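Written out below as structure tokens is the structure these notes cover.
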Amino acid sequence: MEGTAQNLDVEVPKQDLPNGTDSTGEPPLKKVRLEEPASDQQNGQAPPRLKGVAPIKAEFLIPKPKQGQAAVSSTDDAAEAAAYKDREDEKKGKKKKTTGQNKNRTFGRSQDSKGLCASRVYSPEFSPAECPFGDKCRFEHDLRTYLKEHKREDLNTFNGVCPVWSARGKCDAGWKCRFVGSHSIERVTEDGRKELVLVEDEERRKKAQPVFPSAAEDGTVNTTSPADKIALAKRQRPTPRADAYSDWLDLTSKELEKYFHGGQQNKDAHPDTAQDKEEKEENRATYTEAPFMPSEKRRLYFGPETPALAPLTTQGNLPFRRLCVELGAQLTYSEMALSMPLIQGHKPEWALMRAHETEALPPTVSARASVVQDYDNSKDMKFGAQIAGNKYRWVMKATEVLSSLTPNLRVIDLNCGCPIDLLYREGSGSALLDAPSKLEKMLRGMNAVSEQIPITVKIRTGTRDNTPNAQKLVERLILGGHEASMLNCGPSGVAAITLHGRSRQQRYTREANWEYISETAALIKRLNEKSDEVTDTIREPEERMRPNGGKTWFLGNGDCYSHVDYEDHIKNAKVDSVMVGRGALIKPWLFEEIQAGQYLDKSASERLAYVEKFARYGMETWGSDEYGIGITRRFLLEWLSFACRYVPIGLLEYLPPKINDRPPYWRGRNDMETLMGSHDYRDWIKISEMFLGPAHKDFKFEPKHKSNSYDTEG
């Protein structure tokens with residue numbers, strides 16, 4: 001077969017592929033255990049491994065095609081904050097380039113040529129609800145006309161049966177469903193007329209009842225009502241705790257400013273005599289006390305058996321997280337939400353808080369978790385929210401409304417690692433690494449208003465390569481800064497810290513610095529176990545104000561791509577757990593490998609089955625109508641832009657694979673494996689059409705790299 005994994009044009013099989021056979025009709029390849037190095041069967045000796053190049057076996061290598069292939073590493077920032085990068089206006093009068101990144105992406109809109117009136121969507125043909133607009137309504141009222149002229153034909157994927165109706169016994173899209181023929185009938189009325197009606201399956205509905213007590217009928221949690229979002233938009237929902245604590249921070253900031261300008265800080269920082277210490281205590285008494293103490297938090301546990309899926313903007317959507325949980329992810333996070341849109345009731349931002357009920361269930365932990373004081377696994381859950389902001393008043397307000405409106409959160413995490421320029425220039429994301437005092441105030445305030453939900457933080461090594469400051473920052477967050485010592489308000493109360501082993505300047509170039517992560521883990525261990533040995537004993541925190549009974553958890557993040565990487569980081573870097581980002585996007589079964597402790601050589605048909613599941617879960621989340629399928633297709637293609645980088649384990653000379661290795665041009669063991677490794681946007685579209693049918697004429701897909709852009713032709 002001709003072609004490459006990067007540039008392939010093959011016929012799409014029409015049979016149902018995920019049923020146990022691949023495109024060649026062969027059964028799926030078995031999961032095998034492979035060890036490093038894999039030997040070259042023909043030569044008897046493996047060639048040396050080249051740094052930065054994926055070591056693909058010679059029999060799978062092919063000549064470089066004439067037409068060059070766009071680089072894919074430029075999309076890695078998309079996993080951090082693509083949606084917010086897209087908001088930035090890059091039009092500065094320069095001539096448009098045909099290469100580089102698409103920074104202002106649009107995706108068109110998939111919709112019916114004329115919509116069906118909402119009064120008809122769920123009603124039988126002859127007994128619709130009354131339309132409040134009457135003859136002035138701009139939508140179609142005649143059901144048969146809508147089905148015949150304005151709605152595209154039913155899809156024949158999934159054997160023509162609506163995935164939503166199949167899972168729940170009821171389809172929320174009603175007559176707009178692209179599979180409506182599978183849950184509608186034409187019945188004869190008493191007067192002899194034929195009427196179209198929707199049908200439900202009561203047996204399926206009973207089986208589909210949510211497992212989690214507070215889950216909605218569709219199996220989701222943290223769904224915010226329209227009334228609550230409207231109240232936020234109209235500023236009718238008060239945040240008394242956040243307001244009071246913000247006012248206190250404002251007041252004490254002014255009091256401390258007078259203190260520092262008065263020249264007393266040097267004397268108080270090193271009290272030599274009893275009189276000096278007494279004066280320091282008297283100075284403390286002059287400051288305004290905090291309006292209230294933080295509530296007692298749920299205890300957390302992080303361990304080797306709890307790998308975490310990182311917060312992934314755009315790619316970390318509900319269907320993908322649901323798939324990862326099914327494959328063994330024990331902890332998940334929402335896509336990063338901005339604080340200001342949250343407190344303004346912005347619908348898209350609140351939609352990020354929705355989680356599947358499987359994410360609201362407790363993580364699977366070992367007996368080791370029982371040694372954590374007061375940890376109750378039955379009250380724990382997998383899903384946490386991540387927010388970003390540049391003002392402590394905003395993040396505190398967002399934390400308070402999240403705590404009251406979405407109580408099914410494991411943690412609320414503050415993003416201090418996003419490298420995107422737009423957020424950095426606004427003072428949020430990784431900009432907070434250079435504002436330790438401000439960051440400490442944010443976390444202390446969030447901890448004060450979050451009720452029982454613990455507060456965590458995700459950071460990078462620093463903003464610049466040559467000046468890492470994460471370790472100084474970690475010490476401040478665990479023990480409290482000098483201002484906290486003066487106010488006698490204790491440490492920030494952060495329950496867990498995640499460190500991405502790269503600087504902001506580094507972005508995703510070069511490998512993550514796990515040596516620095518290991519040093520930070522050792523520092524945190526010392527701070528947790530021997531805080532009384534810290535040189536500045538005045539700053540030693542009170543135990544009652546420390547999270548988890550005095551233990552701050554530590555997670556490492558960066559370049560984890562196999563169970564070997566994971567085990568190495570746990571054993572040698574001494575982190576409590578590892579957060580996985582791009583590795584899970586490229587191969588979501590990484591969590592299975594971690595559980596099994598071995599490589600899993602997934603066949604093309606097995607990997608395609610994951611695509612099918614994503615399509616099913618996408619339609620359950622966004623709907624099976626034209627619009628919902630368009631949204632599902634868009635996010636499926638976003639995922640495939642990462643998944644196409646996977647080079648099957650069976651094709652490699654050396655293990656473990658490395659996430660930053662760039663493969664030479666290669667072919668798979670069969671046509672489908674080659675297709676799934678293609679970096680050509682047209683092949684991503686073909687894969688999506690296997691389950692979602694042909695794209696709508698107005699559908700438009702712009703990946704992060706311009707050379708891969710796709711626009712349908714009407």
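Heads up, the Cβ atoms here are built off N, Cα and C, so glycines get one too.
Owing to the predicted nature of the structure, the values given are computational and were not obtained by experimental measurement.
As annotated by Swiss-Prot, active site, proton donor applies to C418, with the evidence given as similarity to another entry. In this structure, C418 (active site, proton donor) belongs to neither helix nor strand by DSSP; it is coil.
The FMN binding site annotation in Swiss-Prot covers P311, L312, T313, Q386, K458, H500, N557, G558, D559, G581, R582. The Cβ of K458 (FMN binding site) lies under 8 Å from the Cβ of P311, Q386, D413, L414, N415, C416, G417, I497, T498, L499, H500, N557, M579, each on the same chain and at least six residues away in sequence. Secondary structure from DSSP puts K458 (FMN binding site) in a beta strand.
Residues or ranges marked as compositional bias 'Basic and acidic residues' by Swiss-Prot: 83-92 (among others).
Annotation source Swiss-Prot lists compositional bias 'Basic and acidic residues' at 267-284 (among others).
The region 'Disordered' annotation in Swiss-Prot covers 1-111 (among others).
Listed by sequence, the residues of this chain that lie at least six past the ends of the region 'Disordered' (202-238) yet keep a Cβ under 8 A from its Cβ atoms are 165-170, 172, 318, 342-347, 350, 353-357, 359-361, 383, 401, 405-406, 408-409, 620-621. Feature annotation from Swiss-Prot assigns region 'Disordered' to 202-238 (among others).
Residues or ranges marked as region 'Disordered' by Swiss-Prot: 261-285 (among others).
Confidence for the zinc finger (111-144), expressed as mean pLDDT, is 95. Taken from Swiss-Prot, the feature zinc finger covers 111-144 (among others).
Here Swiss-Prot flags 161-186 (among others) as zinc finger.
Nonlocal intrachain contacts for the zinc finger (161-186), taken as residues 6+ away from its ends with a CB within less than 8 angstroms of a stretch CB, comprise 112, 115-116, 120-122, 143, 146-147, 151-152, 154-155, 194-208, 217-218, 615-616, 619-620, 623-626, 628-629, 693. Within the chain carrying the zinc finger (111-144), a Cβ under 8 angstroms from the stretch's Cβ atoms is held by residues 150-152, 173-176, 189, 193, 195-198, 626-627, 630, 696, 698, all 6 or more beyond its ends. The Cβ of N557 (FMN binding site) has 26 other Cβ atoms within 10 Å, all protein chains considered. Taking every pair among P311, L312, T313, Q386, K458, H500, N557, G558, D559, G581, R582, the residues listed as contacting FMN, the largest Cα to Cα separation comes to 21 Å. Calculated from their C-alpha atoms, the gap between C418 (active site, proton donor) and T313 (FMN binding site) amounts to 10 Å.
Within 10 Å of the C-beta atom of R582 (FMN binding site) sit 24 other C-beta atoms, taking all shown protein chains into account.
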